[in-house]
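*Asks:* Pulled these from Swiss-Prot:
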- 42-64: transmembrane segment (TRANSMEM)
- 84-103: transmembrane segment (TRANSMEM)
- 110-131: transmembrane segment (TRANSMEM)
- 137-157: transmembrane segment (TRANSMEM)
- 177-195: transmembrane segment (TRANSMEM)
- 201-221: transmembrane segment (TRANSMEM)
- 242-261: transmembrane segment (TRANSMEM)
- 281-301: transmembrane segment (TRANSMEM)
- Asn307: N-linked glycosylation site (CARBOHYD)
- 313-331: transmembrane segment (TRANSMEM)
- 347-367: transmembrane segment (TRANSMEM)
- Asn416: N-linked glycosylation site (CARBOHYD)
- 417-438: transmembrane segment (TRANSMEM)
Amino acid sequence: MIEKSNNPFLSIDPIVERTKSNGEGLPLLSEKTKKGFDFTQIVVYLVGLSDGLTHLASLAIYYLFKDYFRLTPYQVSLILMYPYIPFILKPVIALITDSFSIFGMRRKPYLFLFSLFQSLNFLALAFLNLSVIQASLILFFISLCASFCTTVAEALVVESSMGQTYSQGTNKVTEFIASKAIGSLSVAYFSGYFLEKMPREYIFIATSIFPLIISLSCLFLKEKEYSTNRNIFNQLSDLIKFINTPIFLGPFLYIFVYMSGPDYDDAFFFFCTNKLGFRPSFMGTLRLTYGIASLIGIIIYRVFLKNCSLRKTLIITTLVSFPIYISPIILTEHINKFLGISNELFVLSGGFLIEAITEIQLLPLFILTANICQPGLEASVFATILSVKNLGSLTKKGTSSFITYLMKIDSYNFDNLSLYILTCGFFLLFSLTLVPLLPNEEHIEKLKNKETSKG
């Protein structure tokens, strides 16, 4: 899961600096909010935090399909494809929220309704006796609600970044992403610990509380009312025109190819639990280290890499990540025993480094969007970038399931797992062939001059 700026992107001054730097003209932020206490940012952080906190249920969901429904690795990969579908539809969701108002508002009602619906779906997992299909459908609805909520929050991030300096915009984007990482970090260990101490139904009930906090907090969100809706077809035309430039198409293709290759995560989860005997509490500890790594990746980017070019950042991080990514082969072939490294320590260190690199690769594209997005398309453009990533993730689940099945890897047969890990590693390197398609400083400067001349 890796994505992300001579940062050609980072050399761009926000186009909206053609307007007033205090954010005047932003469509959805009230004057009171701009001048006084910025409760909008608080809500944004709460959405990110809640999105991370709902990971409390992630291990319980894994074990639900693995132990309760007794599915094999390739079946679990297939099931976990469906929750990605709503995130692929983020541009559609964003166009809806950008175009259609509810009671004259385009953010607050969507945030309230879908966070409430998400909470109800977690309660359904806890209280209903479900079949595999029904449980999969509920996971789909949980993801649909999360997709709506994060799309609204991302639009608010972009809106609040417009009209500000690049540094201010960078801070807002990274703070939103960090709030997600903090949420995941807060519950990572307990996702496994609680699974050993209590029934998974209690975990689903506890998780349902976090979206409810969003529903309550957004009641205090100040938003300007709109008397009319925008034409969604005009919005779609503007969106296509805006993203149909080399500055976006190259990164879009790179991210999709990078994300769509097979990944050994699901098969390796079965290996760790069934072969190595790792308990849920250790799997929670593993997720805790991933949360810490995400924060460290964000810090490294902000301190050391935000002035590096996009191409350089992606090439270096991909090459560095390759040996780390295939390092579980040392575990599956028991080489770590000869090196005197325990199974647990080896798994913790490798996953930690991969997660940090993932965050470093994601950030430049997010920051690019926040700084050059034209007014009226805030949610749509940001969501399109994430949709490309999630389409790749959906494809990844499909290719992972297919190759896992071909290699006859199941719940207890891991004879070909090392070959599978190596295959996934080479798919990772394949994305480097698309680096020439990424924008350089000249392309960035042309876009900058073009947009400036429009102003």
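Glycine is no exception: its Cβ is also placed from the backbone N, Cα and C atoms.
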*Asks:* Taking 3+ C-beta pairs under 8 angstroms (sequence gap of 6 or more) as contact, is the transmembrane segment (242-261) in contact with the transmembrane segment (84-103)?
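*Replies:* Contact criterion not met.
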*Asks:* So which of 110-131, 137-157, 177-195, 201-221 is most in touch with the transmembrane segment (84-103), counting Cβ pairs under 8 Å?
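*Replies:* Ranking 110-131, 137-157, 177-195, 201-221 by Cβ pairs under 8 Å to the transmembrane segment (84-103) puts 137-157 first.
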*Asks:* Among the glycosylation sites Asn307, Asn416, which residue has the fewest other Cβ atoms within 10 Å of its own Cβ?
*Replies:* Asn307
*Asks:* Which listed stretch (42-64, 137-157, 201-221, 417-438) has the most C-beta pairs under 8 A with the transmembrane segment (177-195)?
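*Replies:* Most contacts with the transmembrane segment (177-195): 42-64.
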*Asks:* Which residues of the same chain, at least 6 past either end of the transmembrane segment (201-221), have a Cβ under 8 Å from a Cβ in it?
*Replies:* 39-40, 42-43, 46-47, 49-50, 53-54, 56-57, 60, 107-108, 111-112, 115-116, 118-120, 122-123, 125-127, 145, 149, 191, 194-195
*Asks:* Cα-Cα, whole number of Å: Asn307 (N-linked glycosylation site) versus Asn416 (N-linked glycosylation site)?
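*Replies:* So the alpha carbons of Asn307 (N-linked glycosylation site) and Asn416 (N-linked glycosylation site) sit roughly 42 Å from each other.
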*Asks:* Against which stretches of its own chain does the transmembrane segment (110-131) lie, if we need a Cβ under 8 Å and a gap of at least six residues from its ends?
*Replies:* 43, 47, 50, 54, 57, 61, 64, 97, 102, 138, 141-142, 144-146, 148-149, 152-153, 201-202, 204-205, 207-212, 214-215, 218-219, 221
